[in-house]
């Protein structure tokens, strides 16, 4: 069952955004082949039996098993594809997508399907509120349509009072989301909310319990005030940002929200209580079902909570000796069912982490726990499984975590091992507090203080382990890094026994090999990277820009963040940048801004400076949301602005005006003339021919700009070396060095032969991130040089 489930998962993730008709055809083909594999051989045997006086020998058992697995896999794929086709067709039916692409003013009626989350507290302006609305009716462009479409609403603080399952009417501007997203559009309301109907009785009761828990936890210290509601009801809005970053760095993010482990703890506690209360064994499953249903309603029956409830239940089955063999088949079936119910889970990191952690628990907790227990002293030998659980979860989840943070946590197992005993008392105390809050507020406050002690312990473990030197190891970014770590993990799991046996036979050799591995894995970049005297680095972030200007030790200015959070985070880690004095966003295309969460992770960021043209609107909305979540002000830049940081100054040369021809966002890129010590740089963003020519004319008219243009040491070539450049501008500047930030084997053909020829003809020495990796400009005295960190 595991192979069919994994196959269906992979296909689901790869087909989101595909047209429903294509999905239906593919599902039909898969179902037909699956039926042929299952029923074809028996039918052939029957026909042969009728036509002959003897029976033909059957297929070998091994081949029958392979055929059955293939048929199940195709059947699971057919189910997932059919479900995705149905959901996509229902979501896309009606005019919502077209209205969003036109940025139309609309009036919609719908039901709130996710709790409003307050984002921000920005020093620039007020906070925003985000929630998901299932739209049932939309009015726009003079027509009214009945639909069933999910929409993300980004509103002002006035909308914080909206409640889950409340029916509301909203008027505002609708913009398109990215293809394959779990919402079809983004809606920005105008005015206050208008309620058309209160939530139902069950929803109101759950909200009463949630509010009681928040109020009871209000007097607690900040870490406990944030973690306790997160563990019990999934409300992470009060968790301090630095604690969230520490938990990400130590692989403890599953503890900062409702997860499968929380569900398993609640169920185990309920079953234990039922046993102590004398409830008969046959009635205990009913008790468990009722408790589970109540917990899901309390935490909200959203996809993430349903997923956690499912995985927690399966984990409890897997740990039960009497039902251990059922764990893997049940998990596999649950994965397929969840993907049929919500195909967008296939691209959810939370779903991946929960599934893999549960799979690790089912596969490895017992054998590893027994192996660990045999090596422990007699009194604590039974603790083996407790030590094995975090090791198994870490081993299975590490490849996915690499995608999130671009590094491998060495302290993750230790952190989870230390925190594991604290999760159960915090969760149970929090659930108890929520249960009694409506009738006994004083008792709820007492229970919250009981739960606060282990919650503070979890926070202390996260913060302490996050500060351990060498606690995370650099690792290749993105999918290649995840694939490499997966292969390494599989290799260790498969050959572990053989290596252990050889180590016992040759302990001296084994010790020497271990020391060599540790020495090879120990960070050595301190001696080689960043290079001494570095002033500027073009990070290897793929097809995008991620540029770093050094200010003071540990501080820098970031110009654009590239397309990948893990890639820019890894580059800044390599440069040992912990504070970003400013982040400059040349414009809002995804290859310049989508990596921003990685740059913000675990760092102090003082301001964001950006192009005044806030297009595309989806990316601008994302940047605004990320900034507000961290309380970071955003300020527009325009030609004539002067910027200064320690050791670095910059003049903004562009944009001087909006250019409607060509790509409006590209031609509104912020162009910076930077002086960093003895190094002068011109950073051209993604300006195209129209803006570059206008900049050329401005430069010729301005004596200071003309003088500066003649003295640049480095030019960051516009738009990754696109052919749509202004040759006269490149001839005017003629810097010794041209840096092109570009992705290897990209689909755009960047850098173009034309751009490379223009640079060669004008005497530039070209350095490309797709060939060199991170490219650094260094200065020693008045000497300026170029070095790089190979891929």
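Note: Cβ is positioned from N, Cα and C throughout, glycine not excepted.
Here is what TrEMBL says about this protein:
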TRANSMEM  23-44  transmembrane segment
TRANSMEM  255-277  transmembrane segment
TRANSMEM  283-301  transmembrane segment
TRANSMEM  322-341  transmembrane segment
TRANSMEM  347-365  transmembrane segment
TRANSMEM  386-404  transmembrane segment
TRANSMEM  410-434  transmembrane segment
TRANSMEM  446-462  transmembrane segment
TRANSMEM  482-500  transmembrane segment
TRANSMEM  507-529  transmembrane segment
DOMAIN    543-744  domain 'Metallo-beta-lactamase'
Task: Stretch with greatest number of CB pairs under 8 Å, the transmembrane segment (386-404) reference, 283-301, 347-365, 410-434, 446-462, 482-500 candidates - done: 347-365
TODO: Grab the same-chain neighbours of the transmembrane segment (446-462) for me: Cβ-Cβ under 8 Å, and only residues 6 or more beyond its ends, written as numbers and ranges.
DONE: 213, 216-217, 220-221, 223-224, 227-228, 231, 243, 246-247, 250, 252, 255, 415, 418-419, 422-423, 425-430, 432-433, 436
- [ ] Average the per-residue pLDDT over the domain 'Metallo-beta-lactamase' (543-744) and send me the rounded value.
- [x] 90
